[in-house]
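Per TrEMBL, the feature transmembrane segment maps to 24-47, 106-123, 135-153, 159-180, 233-252, 283-300, 307-324, 336-355, 360-378.
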Amino acid sequence: MQGWYFVIRNLVNSLYLKLKRNKWSLIILVAIFIFVLILNLKTLYIADDYVYHFFYQTSSPTEIAHQQKISTLLIPASMWNHYFLWNGRFVAHSIVQFFMQFNTKIPFDICNSLIFVVLIMMMNKFASKLSNKKAQAFVLPLIFAFAWFYLPFFGQSVLWVSGAGNYLWMSIIYLGFIIYNLKVREPNVQSFIGAAIIGFLAGASNENSGPAAILIVLLFMLKRFIETRKISLVTLTSVFFGGIGFLIMVLSPGSQKRGMMSRTWPVIHKNLENIYNLTFDNWKWLYLLVVVLTIVGIVLKRLSIDSCWSIVFFMIGHFAAVYAMSLSPEAPQRTFFGGIIFLGIALFIPVYALFSDVKLVLPILSVLTLVLFVRSYVPAYQDINQSYQVNKLQYQKILTAKNAGKNSVHVPILPVAKSTYNATYQTFTLDEPSDQLMNLWVAKYFDIGKVYGYHLK
């Protein structure tokens, strides 16, 4: 008994010392969690969320009168139907359906905020590891500010259940795949199983960022082969299963039917033009910053050859993830999520190399970015909260009518969102007629006959 006491005491002391050493990192990460959690709690269900509340059988709310509510055990069969009828993103939509089985969004809000913090930590890990520098607490606010200002359509890709499942959560999988394969692993059963699982999930994560992550790993593998004339069988296995996962996803009958609708040269050419204009309109200063910091790092001998190659590989991954969307029948900006993450990693490698050993620079930059963030966060919160209040009123009116035994209800229509941090920005919401798509899905979700919308004065 006394032995257990000493073991527990040593563990507690070790944990205390670790927390003390990393107190600033902990404080910053908790603050990020709270900032994102507040916005998650102010974002209710939107658009596709109502569809994934049910066992997937159709994209039509009227085709099947009484659809079964989704549950954990039903998800595999639901995703089987989804694979053949809609698209092959079974990994992402399994996560979405898991959270849509609950009668409250709070479990998702908490987990989703934690996942966002994990994303910031992973980007920080990449940047410190690939620059051969010790992790610095005050790089975390800079990475968070980068994510806040540059992740496309933040509301749709981070706060919306269906969007976050497809973009935020999938980024953890394909970044985990890259991390797993950056380490040289012993060829044992455990390593091969881990490589196969993470590779398959990364390949099946989404159509552009997953294969871009595989490309990044292949580039590191090629570099290792040129230097050592050795190929890691574990990495090769991971890449192989990544390819299988990707092919299974993109060759789904649902994806093929939707993709062939408009995959013509004029559409591809138009997509290429739009992507080119977007990248150089929105990100040209980031590209310039990466180039300038890298050149300065080389001149000052702060960046090693390995670090420079890492920057190049992640930039290639960035362009691959972004321009791959030219082959898609549609390319909403949120699909560039992974491309922006790869660009961020490429940017923060030279940031670490140049500034991690210079006192006060990172804390001062963190304070400046905090000021910019707060100025942006306040209006974003106000816009999100305005939508939340009306959305909450919709729910209250529907539930009141249902409890009163009424078969129809009139609810206020959401105001037009002004901020891209608002998940309702440019998404389908309730309209006036009860036969509109979202009115039908909301009526089915709440099990009420008809939902009509009216504009607030």
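In case you wondered, yes, glycine gets a Cβ from its N, Cα and C as well.
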Where, among 24-47, 233-252, 283-300, 307-324, 360-378, do we find the most CB pairs under 8 A to the transmembrane segment (106-123)?
-> 24-47
If you count CB pairs under 8 A between the transmembrane segment (360-378) and each of 24-47, 135-153, 159-180, 233-252, 283-300, the winner is 135-153
Any contact, the transmembrane segment (159-180) to the transmembrane segment (307-324), with at least 3 Cβ pairs under 8 A = no
With pairs closer than 6 in sequence left out, are the transmembrane segment (233-252) and the transmembrane segment (135-153) joined by 3 or more CB pairs under 8 Å?
-> no
Among 24-47, 233-252, 307-324, 336-355, which stretch has the highest count of C-beta pairs below 8 Å with the transmembrane segment (283-300)?
-> 336-355
